């Protein structure tokens, strides 16, 4: 066991991290600093202060990081149309690097030599927290109680609370859920419980952020998103900060039954896991971003982005936000967004995000050339013959040498 | 102008290709063989015989290629979860190589030295037809009247008909559409008309294959798809041929408002173009295929497929189906499907395709390992520490040498 | 034939481009501006002035572009360890975009509406010149006489000269070569002649810039290259400009028999072609750059660069230097070079470039960790077990489900 | 500590693995089976029998795996022109999967439940052995003494020998080397010692398989390699088995000073390490394979191979030979080799491998098209104009909309 002086703990105020706070201070005989962040999870963070104080914590950090989260993490990620394994919008993955960064910064401020978190040894989050911490503070120590202790069941945790007089409030609705959940402004996730059988349909009352498509209004909602350099800067013509944009899109998206997915994903630690996610605003953002890119981005730039996106998504999923390769890719992605400005008009209806219009001063859509009508010489159709013949040349040579293409 | 003896023409029976048939025989003073295929476009092909005969055609080929189309083209493409520019399911692109192949085969049978088509010089289809033809019959000549003649408007075409007494029936509903359309079992597409302004919403009465989500039933439809080696072999437990599967999924998809998209895409010939597509069955197939892969495919195989998919999609879009690089990629894709067998359960509702269950005898989902409950030693959480530490090592070294990750 | 007012011609002063100058002015009845650049081809450019004047040219541009060429084209390309088809260092390809840029800039200065070049219709250079010109001046017209005229043989060219009293000096050694050659500071190339049979060995007297390994000195030459952010800034401790560096390396490389290759390459226009190249300095630079990167670059950054390099090389080979996708990749490549500083020591000997040492203040090589001796806890070997076990997990699960890896 | 019944140990007969054999049997109180393979390392393997017997081993496997090694591992790898980080031919990496496979097969034959190896906890080899073992026998246990014991120095090992009366012969030349070495038919490697300082030049007497270029003959050696489907089947017209080919090429390569490299590489476990390698035959094979591909492979197939090669090399380097993703890539690579047949002529001279000719019945090199002379219409130069114009179209549109390419 490492010799540790002071630990900064990612503290939610809930049962698990309260037990962890106590367990660390006892086990390592060290000071614990708690850090609680509002990332838009939809719960008050201020109550964590009293809980931490009740645990005897002296240094308590409680912060509203919503704007930083969306501006510096969610928005950059959406510039790449990022999606993991064809389905997952990386809602949990993208929040972890910000938490890792603040843990390290607080450690530096408070003279702590370790950080701690409440993620299990089976999941991706431990990796994301720790890779971030090591990248940002190479000598840092990490305490991951779920990998260390023997409090493996809910019952043993509760016993520990009782024994150590930890005043955790077990009456909150969240705690009674049969699912393991995580939320921030980008999404809410559900795991375990009956989801551990991938053949079983998730129950309707699991979902918390969105109504079902069935329960959504019979009238569509139209929304116009204005982009500047790849980021949404206004909704329906009204300028908004990043977190305000996402909050708004979550609201209208959720009301229209948008953004639920139910998938089996491949974890970095080697296993498959079932997860259900609600990402109302993100689902709208992905579709809209592709739409604004469709008229403003060069074809080859768009295709290059598409071919690199799976790698970029994998880096974020696996916890490599704070790696040089992610930053290197980000440079390229951000550079590609120079002209991605304009407006997208969307129709939201019972789970559907339908692009119905897009316009931009930077549009590369050229009606004179694209038209099926008379184009006044904008495009010489005869050029196509040479284009095709030279593109065919290698195929013709091969065929003439007797290689069959069938 | 080439010296041509006999041409095989891709003939729809409509106005354009009827004019083309006549124009070629007059211009090149050569015989014309017509080839009309049922690819599931939803129109009778047999009437093309009388039309061709009226034009004086002696060799008339009319064929039902639906099974071959789905089995040998659509199914292989869906094994790769193929999607162009994040949205387009390649409905038109994937039909062209089959037509090119039959044109060449018929040319070989009839002793023709040229093939002809009615695609314009601005589009992708000319490229797809001609690359295919050159790859399969390297000495073939190509006649592409739209790049050659001066009949550039509808009016001049109709004048030509009158002048040459071409008995084309202009009363069919399709001909009066303000849109340029193409259809086969995989999709129907719409271009031009008001779509040439990307800010204008498509009109509801444009869509032909699906009801709008608004008009779809208030009750969901559940469907179970059974996969074998990446292909759907049964629906709701009933074995079906490939074309029957797609026909069925088009029907239930269309009834439930599924599969409409409205995009601006990048053509191979260098311009951006607006297109609207209805792909009801394909939209269901894509989602379902990803779902069955999610439990049966190895993670790295899945990621490798994802990283290559944009390239593969680009090849098909650009007309390189009959190229050695496409075949080489297909080998890899097909090989990856060895264990992609099992059943996916879907809920279709007002435009939504919702995966609600997936199961397989080949499943790699391991409940014992994935569980958040006690796992009886299936997974040792302590392994994660070493895993993270070695993955972090290069990041730590860089940070300790003073490189900032921020 | 286009209506052209004034043409800027890439003019070498040799036979072909002299004929072209005259042919254009007669054929298009327009003014011709000549542009002759010193890119390090090893021939005086100033004599081109008198030749142009003798042709009646009024506006004559003669420029020394060697520093710009190496600094803004060669150096950026070498940051990516660029190599086409595993062998070719892109010596011709990388010079064309600079010429295209100056042609366009001179067109803008002189009010010309067209550019012209002497590249044939079978090669890559026409593509490189013209793509560059169109990208930089979209309305420009292009005159490519080799694709237009009927002077297809040397004899007809010489007749044309005589007829038009073009005073070309045919006595220079270059003109009598049986090879088609091109040279600049990065390389000299040889094509055609007996090289058109890929089984025939090139004759020793073809090579002009390097001695053969057999003829090189029996004593090795050692050289030390100092890098800053990926670029060589000093040789043997002496600061040098980019063109001076390359000139020096060409000299010592050539003296030591370094940098000859003999390949069959795939042209963008669809055919295979045999080419021989001498790239003495570039061959040294590639090896040295990899060596300095080997101690300063993060592993994943290096691997990402390696995986994108073939695409980047293809872009340059195919003529897309002035494309948004090349610039986007360059951003990423340049960003990767932030810490690529230090010194590489090389031994040059009879065709061999042997890396014998590399050092850097930015080195990520950590002797404490890498040592096979006692490392005082810098690395905990036990971490490897967890690392391996989690990396193996998906393989174990698959095997335990009966999938054979054999 | 695991409960282990019987272990199969990769046994070289040297000091380390002799100590390991004893240590395992004592520590785990289990039977040890030794497995010694001739992979072409250049030392007799039969003497390992007596040494194993002296250690009390009952089940002793000694096998000549040279043909299997080259045929099933080296040859398939060279089909991809595989090279790690631009320099390393993966000589060690490619031997490990075969050893892992035999360890597992012998475990199955002898009823062993564990395998063991003598690789350290800092290197790649442990990963390669263990990933292979887990993939092939998912329930297998692994004993890796270097990660477990406290015999961390040479002295403690020798004490252990004395104490346990292990009759190891310390007088062999190999044992006195200051370098850590590994050899098989593909290469010999050197690590540690003075190599741990990347600025220090390796000493000439370190190298064992090749003479220096300086010491090589003054006369070149010519060699002709005949390929069938990507593999060498004959040398100088004489049919040979794979291992015979490689043995021969090692001989002539080594005699001509070919195949030495000195690099710093990135290990999978996260650190950089200096390594020197002699790969005489492999260096020749890489060059020759590219040469035969240059005339027989389609351009796009070649480029696709090049773009995937770094990933494939990384998989082999990192130990994933027995993974589904490597096998999937192999399918594609092998498929690409269908027409890679013909003959390459090489000149070997003082470290240089010079391609001087290549020919093939499957050649795609078309002299009629490639010629700079009159081609009798094989290629219409006018096609190039349309080819360029359509490829330029997107660049022109962007420029005309005001986007600067500079």
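Counting starts with 1 at the first residue shown.
The backbone N, Cα and C atoms fix where each Cβ goes, and this holds for glycine too.
Of the residues C:91, C:111, C:118, TrEMBL places C:118 in the same ATP site as C:10, C:11, C:12, C:13, C:14, C:15, C:16, C:17, C:18, C:37. Considering only the binding-site residues C:12, C:120, C:125, the residues lying within 10 A of residue C:93 (L-citrulline binding site) on a C-alpha to C-alpha basis are C:125. When the Cα of residue C:118 (ATP binding site) is compared against those of the binding-site residues C:124, C:125, C:180, C:277, the shortest separation belongs to C:125. Counting other CB atoms no more than 10 Å from each candidate's CB, the binding-site residues C:93, C:120, C:124 peak at C:93.
Of C:12, C:16, C:88, all annotated as binding-site residues, the residue with the shortest Cα distance to residue C:120 (L-aspartate binding site) is C:16. Between the CA atoms of residue C:10 (ATP binding site) and residue C:125 (L-aspartate binding site) there is a gap of 12 Å, rounded to the nearest whole number. Least crowded of the binding-site residues (C:14, C:118), judged by neighbouring Cβ atoms within 10 Å of its own Cβ: C:14.
DSSP gives residue C:10 (ATP binding site) a strand state. With a cut-off of 8 Å between CB atoms and residues at least 6 apart in sequence, the same chain places C:261, C:263, C:265, C:275, C:277, C:317 near residue C:88 (L-citrulline binding site), listed in sequence order. Summarised as a single figure, the pLDDT of the domain 'Arginosuccinate synthase C-terminal' (C:179-397) averages 96.
Spatially, by CA atoms, the binding-site residues C:128, C:180, C:189 include one closest to residue C:16 (ATP binding site), and that is C:180.
Chain D has a C-beta under 8 angstroms from the C-beta of C:265, taken from the binding-site residues C:14, C:18, C:118, C:128, C:189, C:265. Sequence-distant contacts (6 or more apart, same chain, Cβ under 8 Å) of residue C:12 (ATP binding site) comprise C:36, C:48, C:118.
For residue C:16 (ATP binding site), the count of additional Cβ atoms within 10 Å of its Cβ stands at 19 [all protein chains shown]. Classification of residue C:124 (L-citrulline binding site) by DSSP places it in coil, neither helical nor stranded.
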